[in-house]
Amino acid sequence: MRQTNWFSFGFTTAQWFIFLLANALSLPIVIGQIYHLPPEEVAGLMQRTFFVIGLTSFLQGWLGHRFPLSDGPAGIWLGIFVIMGELAANTGQQPEEVLRVMVGGMIVAGLLILLLAGLRLIPKMLGIFTPLVTGSFLMLLAIQLSGVFLRGMMDIRTVSGTVRWDLVGVSLVVFALVLCFTTWGKGWMRSYAVLIGIVVGWAGFTALGYQSNSFTHSGFFTLPEFLAWGGPIFEPGMVVSAIVVALILLSNLIASTNAMQQVLTGEAKVAPSVLTRAGVWSGVATILSALFSTVGMVPLTVAAGFVEMTGQKRRGPFLTACLALAGVALIPVVIGFLSKLPGPIAYAALLASFGQMFGLGLHGVLKEPLDPRRTRILGLTLSLGAGMMFLPASLFLSMPSVLQSFFSNGLLVGTVICILFEQLWPPNRSKWAKN
């Protein structure tokens, strides 16, 4: 019996480790390509990402929400990184400076989350993030990222500029594979769809002669670099954006903890004290992400589905897997190997998983009837938010920096528009829309 218990503990820990790895593997490759980072910096980013995910997930599970609920790169932060990287490429701004601005923005967001949690205001903010606001945000995020991911997945060229259509075909196979597994897969195939797609795609690229850039590493043990992108820059426009992002992260935190509470106990909502603790450590996680120069972390809602599928509700294996991931991040040989993942494969896997985001957003919007008021707000949010994405970045260069950063980000513009209309146009005045 004792041997069976140890086997069960070890097997569950391995499942959690693979789940954590699958949700972290693609992001450093994508960020590295957008900001044109050399191979050694991509490996460093991957090391820091693994380390922070393992550390913050452990702290949340031990001291924060105390659920087997893993942290992972926040979609909103990934979107901001992608948008700022594209903006820098179009305006000639140095990528290194943009990354330092992102560090400053994450520190501001983390401090604001800490403040709101310390004042016990998080449970009182639920009224701001209505289903219409959160649903519209997810739909805009899917629209914003889809073009970037699709271009990264298909724009594979030789040195002479010729498109490698054979490699593009492999990327499309990975996209279709991950999409099919996440949509129709059962059990472990659905949970590990991204990891399966990455393995198949990587093997296909290798068979076709694709060679990733490599670097030499030395030593068996290496600590992650502190402030690898340099000291923070607190640019006014990013500070304003970070405040909005912090509020959106809180809605994600609430949704994730509620989903896990439902799976673990059957109750629909978590206690205010749990939200407060989770908020404190979510703020800490965001600040740690900034200090270790990676993308901001947030509890992943998809982890609730993983627990529901496996039926493993114990914290012990989860916490052990978190420590294991943080430990693996300290071994350069492992990180050096994983950093060779072809960029197009990372884009393809992320595009397939992010493709469901629009549907989730639409489902959230439809939780309440689409009366004339909500229909108009949704239409204005999507049309203005998505419309801003197609405007040239040079259009805003003459604006003050605080306005430039805001208006060049259609995701933030649309979200703010939706929040303002939801708060300033009460439902009981929906009769105006009929006149």
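The backbone N, Cα and C atoms fix where each Cβ goes, and this holds for glycine too.
As stated in TrEMBL, the feature transmembrane segment covers range 405-425 out of the listed 216-236, 405-425. Counting C-beta pairs under 8 angstroms (sequence separation of 6 or more), the transmembrane segment (49-67) reaches the transmembrane segment (318-339) with 3 or more such pairs. Sequence-distant contacts of the transmembrane segment (377-399), counting only residues of its own chain at least 6 positions beyond either end whose CB sits under 8 Å from a CB of the stretch, comprise 86-87, 90-91, 132, 136, 139-140, 143-144, 365, 370, 407-411, 413-415, 417-418, 421-422, 425. Recorded stretches compared: 16-37, 318-339, 405-425; the one with the most Cβ pairs under 8 Å to the transmembrane segment (239-260) is 405-425.
A contact between the transmembrane segment (318-339) and the transmembrane segment (128-150) is absent, since fewer than 3 of their C-beta pairs, 6 or more residues apart, lie under 8 Å.
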